[in-house]
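K.L.:
One structure is given below, represented as structure tokens, and several questions about it will come after.
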């Protein structure tokens, strides 16, 4: 076969064979691949399930991904505490002690400086740990009404 073909035809035939081989290999790979369709309303945990499956069955996260996820956790924590502080101000709820007001200012300073995604400083960690207790001691007043 190919005795009467030009060089262009031979090259085209070889390319065609290579493409056919790649298609067969791709089909074999696709047969071994398990696909999972996650359906659900927004914010129902689809991404969380996917991340957990990845941790369990795909050797977890790379160092870069872990660093990125840590930043998300830092951000979520500081932002949540800041929202509690804003709610206390909005509803004029007093802090359980003057020290908790200082803790609130530490958190607000971090937000103002745009450092909510950075690792906690020792001062911020103490403010969050102890200040949160003060916030929660003050918050029952909100649910009484």
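Any Cβ shown, glycine's included, is placed from N, Cα and C.
Per TrEMBL, the feature GTP binding site maps to 43, 44, 45, 46, 47, 48. Annotation comment: TrEMBL describes 47 as Mg(2+) binding site.
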K.L.:
For residue 48 (GTP binding site), which of the three DSSP-derived states applies: helix, strand, or coil?
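P.N.:
Helix, per DSSP.
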K.L.:
Could you list the residues of the same chain, at least six apart in sequence, whose Cβ is under 8 A from the Cβ of residue 45 (GTP binding site)?
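P.N.:
Correct list: empty, so none.
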K.L.:
Relative to the Cβ position of residue 46 (GTP binding site), how many further Cβ atoms are located within 10 Å?
P.N.:
14
K.L.:
For residue 43 (GTP binding site), which DSSP three-state class applies?
P.N.:
coil
K.L.:
When you measure from the Cβ of residue 48 (GTP binding site), how many other Cβ atoms are you left with inside 10 Å?
P.N.:
10
K.L.:
With the GTP site defined by 43, 44, 45, 46, 47, 48, which remaining residues of that chain have Cβ atoms positioned within 8 Å of the Cβ centroid?
P.N.:
40, 49
K.L.:
Let me check the 10 A CB neighbour count of residue 47 (GTP binding site). How many other CB atoms are there?
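P.N.:
Residue 47 (GTP binding site): 10 neighbouring Cβ atoms within 10 Å.
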